[in-house]
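*Asks:* The structure under discussion is supplied below as structure tokens; questions concerning it will follow.
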Amino acid sequence: MHIKLIHKFILIFAVIGIAEFVLISTLGSRLVQHRLVESEGLKLYKEAAKIAQSDVLTNGIDKDSFSSLYLNLHTLAGYQDCEIWLLGSDGTIYMNTAGESATDDSGDAEYPVLEGFDPLKLGSGYYTVGTFFDYYPEDHLTVLSPVTGNLDIRGYIAIHEPMNNIFTDREEILAIIHLLSIIVYILFLTVFILLYLTVLRPLRKIQTGIQEYADGRLNYNIPVNSHDEMGRLAASLNYMSDELNKSGEYERNFIANVSHDFRSPLTSMKGFVEAILDGTIPPEMQEKYLRIVLAETERLTKLTNGILSLNRIDQKQSKLNLTVFDINEVIRDTAATFEGICTPRQISFDLVLTGEQLLVSADLEKIQQVLYNLIDNAVKFSRDSSSIRIETSIRHGKVHVSVRDHGCGIPASSLNKIWERFYKTDTSRGRERKGNGLGLAIVKEIINLHNQNITVVSTEGVGTEFDFTLEHADDLRTVAQ
């Protein structure tokens, strides 16, 4: 059986509350009582010593002074809720503030005597707790201070306070402690409730969200909107689920697009080959259709290579082989490969290159692929009898390479989508429109791999210009071949 975290916290709080009450009622009660007895005993002992050292007792006492002393001690005893005795050294009680004065007019009063009175039996402390030689039926706190004269002990001043007074004070203090403990407990309970609302409840929501993700429901959104660590964790998990959902959607679209792009040419190739084999296509026309099959094969090869290139980049397996080379020369060589396609359509190249040689630091093979894809894209969407302008320049320490065509342009709604894989704009825009939607995606990934930038500006009916940057390496003296 799984015990929820909140139940554990409730159990812990209950145990703490019970333990606190028991400890205060037992150990706390004894500690408070001991402290009260010590404090009260010390106070009474000081009072008894002060009385015992008064001149009235040390210099001898007559009837008048005895009565005056009794009245003073009776008042003091009433104020402090205690009894004050004047004892002889043999235990005779000459004065007890709890009763009448022990003197009369004849002076022949009889004084009670404590049976077995022996101060040594009270111990060495300044106070004792008990019945004081069985005089009291209940325990009293008693202090005893000797009355001396001429270096002799003439008697004792004893002060007795009922322990019930101490118990009453103890219960009042314990009640205050219990009240404070309850207040502290309520404060902790409030903190726990806040902790539950800010931590445990969001944690349960996050747990529910993780379980939803584990069950494949990646569109589930964890409803935690706080700005603390829990909120940031929930936001991170929501972002993760969105990315996983996008990744899953991309994979589904990827499979659908690849299947379509492979199925169409394969179907055409299969149909042409079957027609040639069964004699439907006469021998004099077979070369034409075989060239179509060859073109479709080349398109499938390009599609496969593009997919492999993107996969290597995605898997971080594509490492840059940085060299220093002349970008102008690479542009001239790449443009030359399109002469066979451009000549029949009367498309020309306008090369505006900075200097005879412009050195850059980059991966030569990958930049060749970038240029090839951009020029190929420009050729596809250029009008017949137009020109493609390729320009290099140096701005802000970077080498800029731009490829601009005079074609039909890209709709503004599509500019942010052209870098997506398998995205194809309106197929009616160009004559040579058999693309696979991977060319510009590969360009973007390669430029990003170089930590460089690429931008596009396009106007429908006017043309499109792509501009990307490369590291300028003009200060290097050697050129990697």
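A Cβ is built for glycine as well, from the same backbone N, Cα and C atoms used for every other residue.
The transmembrane segment feature in TrEMBL is assigned to 6-27, 173-197. TrEMBL lists 197-249 with the feature domain 'HAMP'. Here TrEMBL flags 257-474 as domain 'Histidine kinase'.
Relative to the rest of the structure, where do these features sit?
*Replies:* Beyond the ends of the transmembrane segment (6-27), by six or more residues, the same chain brings 174, 177-178, 181, 185, 188-189, 192, 196, 200 to within a C-beta distance below 8 angstroms of the stretch.
Mean per-residue pLDDT, taken over the domain 'HAMP' (197-249), amounts to 83.
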*Asks:* Would you mind listing the long-range same-chain contacts of the transmembrane segment (173-197), meaning Cβ under 8 Å and 6+ residues beyond its ends?
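*Replies:* Cβ under 8 Å, 6 or more out: 6, 9, 13, 16-17, 20-21, 24-25, 28-29, 32, 36.
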*Asks:* In the domain 'HAMP' (197-249), how many residues does DSSP put in helix, strand and coil?
*Replies:* 39 helix, 0 strand, 14 coil
